[in-house]
Amino acid sequence: MSSLVAINQHRPMPVTNGVTPGNQREAKKAPGGYMNHVTTDRYVANGDLDDDINNPIQLKPLPRLPVPPLHNTLAAYLQSLRATVSREQYAITESLVREFGRPGGPGEYLQMKLLEYAESQANWSNRWWLDDMYLHNHVSLPLNSNPGMVFPKQHFKDEGQRLRFAAKLISGILDYKVIIDARALPVDRVRHHKPGQPLCMEQYYRLFSSYRVPGVVKDSLVSPSSSVMPEPEHIIVVCNNQFFVLDVIVNFKRLSEQDLLSQLKRIVDLAREDPAPHTVGLLTTMGRVEWATARKKLIKASTNRDSLDMIERCIFVLCLDANMGHPPAEVGKPMDADDEPLAHQMLHGGGTSLNSGNRWFDKTMQFIIGDDGTCGLNYEHSPSEGVAVVQLVEHLLRYIDSETHKRKLTRAQSICELPCPRVLRWKLSHETIQDIETARGGMDRLVDDFDLKLLRYTKFGKGFPKSQNMSPDAFIQIALQFTYFRIYGHLTSTYESASTRRFLEGRVDNIRAATVEALEFSRSMIGDRQATELEKMDLLRAAIQRQTDICITNILGQGFDCHLLGLRELSRELGEPMPEIFTDEAYRMSNYFNLSTSQVLTKLDTFMCYGAVVPDGYGAAYNPHEDYILFAIASWKRCPTTSSEVFRDKLYKSLNDMHALCTRMSLNNNHIVK
């Protein structure tokens, strides 16, 4: 199996939103390669696809990601540093940028080579971006890279009810996979700034059967279309730290929910009868180089190779977790700080004495169901952004809650003699057993070090910024900047992902929120800069406008982060001396994200969370609803200068202060008008 990089380089052109023109009609009718011997009508009633996938739209080829003008990128880079580096450092960097961008200089040469390279690529930035963001990153996946998502709480009266929920979840995922394999998802479209434009859907098509393989130099992302093997017809169920193969296609027919329930009951019984002597799943919690080294030892035995192959090629992983000991889920209660234990369960499983070994963190999609009603997922981030995962989750939850799905869908007749799910066997050497114990200690230290706090902010939601003619996301980003300044007295390099899905195979660039405008607003709010109420309001509007402008620049493919990365990596690949702009301290500081943020919108009362990406930083995920905002703030306890609780409390105060300022100014304006 080849890596995603190789796929990108050899994909035929042109491509119409992921479907080659000659195959568009076929893609609408039948699954593209998913169990080639099984047609769609065996899955869905009357041969029609479910309501969620009506009318896939034929589109013109999406444009390729443009290469921004060099002078625009260099100017934007310098501007981004003004609020975060000293005057002395800025002067040094300004001189290096001038040298890099001069006529006939290294920047001009590399820009020319990049433009040539872009002509031959579906997306010129993807290979370098994927390597830099994920595949060359050697830290362990749990907490450092894999996000978790908490679903609405369920109430299970007994084990049977939990397994019935699990069977419905499996069935809903398989329905969605048929849609994905048929490439029949409705095309997402832009909602703001030139609304109606189609968006690239490739991320959806990597959700299932993708897998991240650890490597000593770098990891590999294996894509389903890169395999010459038949499409997988099984999932992996993890229970009591053991891995079971559950075939979802038997005798060319998909199992009914009742059959799935029967098989899940068998798995639970088998897991209880014969506990695993060693927790092999813990190996995937190691640093990537350590895991790659351990994996080489593990696959020396053919038994282990076969077991790994079944995990790596499965459609997804289902984790049936043991009780975590937190209070029973209160169904219908809004998500708030009481639900922090649920986030811990999704992110890391609670430690090796609980469910951290009941995982396989290399797999793209892991769905987690606890016996107490806790459920959610953990996903490996490299194949897709959060939007594709959220769309899948909301489809699943609608499917499970629907009272009509049984009527709409046709299932195979019950199979009397289902093959018993088989447990994966391992032949473990002394060295591998030692690797597992090393992983155990490392994972427990990581879990103990993790600091997560939730904030359900209820004074307002995204409706309030809208009422002030402000972007809700920009408003929240300025609040995060204000909070950081309030704690530390300065701003810091900040990451917020900006989708570039308007372009073929687009992923993200970076919205730089630490602007001069945000700095001046923050200074005015705490008294570092004298300002009247009107001046503070003007500064807030200027900061939000600047944030909005940067966002638009990025989503239109004119961001500077990916551009500079491409120039740097191209210089390395061409064997050129590395330009000093990339060895400069300011460039290092610019890419050291003490504040890593992400807006993850959902319609339901759910949330996504992740860890800080640097040892002395914060991770801040947020989900704005119309009348409230959910924040998940993460940091590391070992760092003496960070505290998720302090950040959460200061964020609450910052949001209150910004709300109060806007409200006072609105009242004053109304009074003047009257």
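Note: Cβ is positioned from N, Cα and C throughout, glycine not excepted.
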_Annotated range (TrEMBL: region 'Disordered') out of 1-35, 141-175, 491-525_ = 1-35
*Do you know the mean pLDDT across the domain 'Choline/carnitine acyltransferase' (65-651)?*
94
*Would you count the other CB atoms within 10 A of the CB of His381 (active site, proton acceptor), including those on all shown protein chains?*
17
